[in-house]
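Here the structure comes first, spelled out in structure tokens, and everything after it is commentary.
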Amino acid sequence: MNDQSITVRGKDRYKSGVMEYKKMGYWEPSYQPKDTDVIALFRVTPQDGVDPVEACAAVAGESSTATWTVVWTDRLTAAEKYRAKCYRVEPVPGSPGSYFAYIAYDLDLFEPGSIANLTASIIGNVFGFKPLKALRLEDMRLPVAYVKTFQGPATGIVVERERLDKFGRPLLGATVKPKLGLSGRNYGRVVYEALKGGLDFTKDDENINSQPFMHWRERFLYCMEAVNKAQAATGEIKGTYLNVTAATMEDMYERAEFAKELGSTIIMIDLVIGYTAIQSMAKWARRNDMILHLHRAGHSTYTRQRAHGVSFRVIAKWMRLAGVDHIHAGTVVGKLEGDPNTTRGYYDICREDFNPMRLEHGVFFDQHWASLNKLMPVASGGIHAGQMHQLLDLLGEDVVLQFGGGTIGHPRGIAAGATANRVALEAMILARNEGRDYVHEGPEILAKAAQTCTPLREALEIWKDVTFNYESTDSPDFVPTVTPAA
């Protein structure tokens with residue numbers, strides 16, 4: 001689209017007044033991105049009557065060096081280098097009026113190792129730009145030179161499995177329910193019953209911090225007492241995600257230190273604390289040999305809508321840089337948003353050393369992760385034992401499966417719910433290891449396991465008809481098609 005540069009050169013470039021962005025050097029269709037460039041892919045929807053190339057050039061300008069008028073101080077900088085360059089504009093398939101804008105940024109525009117600084121440019125003022133109806137950051141290519149300035153996940157999948165001594169299967173967890181209102185003693189009872197019944201982890205929910213019905217210190221004490229008792233009863237290493245999210249960094253450090261003193265192996269934070277706080281807690285976790293779980297609370301306010309916001313695949317990349325060990329990444333079959341192909345893309349970003357471009361998964365760029373640890377994805381929200389074959393097929397084994405209601409809602413009690421999930425998982429892993437087609441035989445495998453496990457039989461009966469089959473609001477723009485044979 002309009003593959004000729006129209007940049008104004010020489011003294012005319014710096015005449016006072018207003019100049020189109022595409023003439024100021026922010027539209028360079030002949031530009032070849034360098035290996036060290038940060039590349040962003042935006043979905044741009046211009047206002048009616050706005051030239052698409054001008055709109056995309058404006059995104060490049062407003063997310064780097066431009067303002068609304070020519071300023072003479074540009075001549076005091078290496079302006080040609082520091083201007084972001086939109087080098088490619090394409091219509092979005094199936095979305096009339098929207099365009100993909102590929103924009104390259106020189107690496108020197110960004111402070112090393114700072115998500116806050118990166119986002120201040122890439123998703124800063126530009127999202128409020130009036131000539132745009134909508135703007136969405138779809139994907140980013142982060143150069144190795146930039147990736148290496150971040151610590152990455154504090155623990156990583158391999159070391160986490162070694163600490164837990166659990167291999168070859170997904171980890172099992174449950175979020176304590178109800179998420180609000182329990183006393184510390186009753187909260188601890190839920191943790192104990194779930195861990196004793198067969199789960200590896202329990203977790204706080206995103207909004208349980210330190211409220212009048214249960215202060216944080218009380219919760220930590222009862223939870224760790226439950227963990228220690230469950231470990232003694234089962235002979236397995238157990239854990240519970242203690243949410244240290246708080247009003248200030250000082251409060252969060254205090255809570256994390258107390259969790260460490262009590263012997264916890266894992267702490268939890270919420271996405272809403274912000275990028276700087278997340279990176280700060282990740283550095284603390286690495287120094288203190290603690291697994292760091294991130295709940296993506298709040299993400300759907302800007303990731304769910306297809307036309308405007310930030311794709312979760314970008315958030316996943318930022319969080320892998322930032323250094324968390326766990327991140328909620330969708331279930332496909334549960335109650336929360338999650339197109340199968342899009343969700344696979346999220347999981348690939350978390351778990352691969354190198355992400356090749358996979359347009360069918362919404363991944364637009366090759367991404368090298370250098371030596372950064374892998375990030376453990378977490379599946380939670382509306383899943384139950386009857387879906388175990390689907391979960392294993394869709395999400396693989398390096399994942400934490402969180403059955404909250406699917407554990408605590410069991411008619412025979414919490415421990416029975418945990419046992420049902422553990423037996424269902426073990427049966428499916430055994431079938432997979434035997435080479436069986438566990439995806440198609442899944443219901444049969446579960447039914448056979450239920451013959452000798454009353455809790456599983458009851459779980460399959462009570463939740464057999466529960467599905468969440470709604471159309472996804474965020475699916476890939478490119479769908480693979482079969483080429484007919486000649």
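Glycine is no exception: its Cβ is also placed from the backbone N, Cα and C atoms.
The feature active site, proton acceptor is assigned by Swiss-Prot to LYS177 (among others), with sequence analysis given as support. Annotation for LYS177 (active site, proton acceptor): same-chain Cβ neighbours under 8 Å, separated by at least 6 residues, are VAL190, ASP205, GLY404, GLY405, ILE408, GLY409. LYS177 (active site, proton acceptor) falls within neither a helix nor a strand when secondary structure is assigned with DSSP, and so counts as coil.
Here the Cβ of HIS295 (active site, proton acceptor) has 26 other Cβ atoms within 10 Å, regardless of which shown protein chain they belong to. Taken from Swiss-Prot, the feature active site, proton acceptor applies to HIS295 (among others).
Annotation for LYS179 (substrate binding site): spatial neighbours ASP205, GLU206, ASN207, ILE208, criterion Cβ-Cβ under 8 Å with sequence separation of six or more. According to Swiss-Prot, the substrate binding site annotation covers ASN125, THR175, LYS179, ARG296, HIS328, SER380.
Positions annotated as Mg(2+) binding site by Swiss-Prot: LYS203, ASP205, GLU206. According to DSSP, ASP205 (Mg(2+) binding site) sits in a coil region rather than a helix or strand.
Taking Cβ-Cβ distances under 8 Å and a sequence separation of 6 or more, the neighbours of LYS203 (Mg(2+) binding site) in its chain are GLY173, ALA174, THR175, VAL176, THR240, TYR241, ASN243, MET268, HIS293, GLN402. Sequence annotations record features per position, and here Swiss-Prot assigns N6-carboxylysine to LYS203 based on sequence analysis.
Here Swiss-Prot flags LYS335 as site 'Transition state stabilizer', drawing on sequence analysis.
When secondary structure is read from DSSP and collapsed to three states, ASN125 (substrate binding site) falls in the helix class.
Of the chain residues outside the Mg(2+) site list LYS203, ASP205, GLU206, THR175, VAL176, LYS179, ASP204, ASN207, ILE208, TYR241, ASN243, MET268, HIS295, ALA297 have their Cβ within 8 Å of the site's Cβ mean position. Within 10 Å of the C-beta of ASP205 (Mg(2+) binding site) there are 19 other C-beta atoms, taking all protein chains into account.
The binding-site residues ASN125, GLU206, ARG296, SER380 differ in how many other CB atoms lie within 10 Å of their CB, and the one with the most is SER380.
Between the CA atoms of HIS328 (substrate binding site) and HIS295 (active site, proton acceptor) there is a gap of 6 Å.
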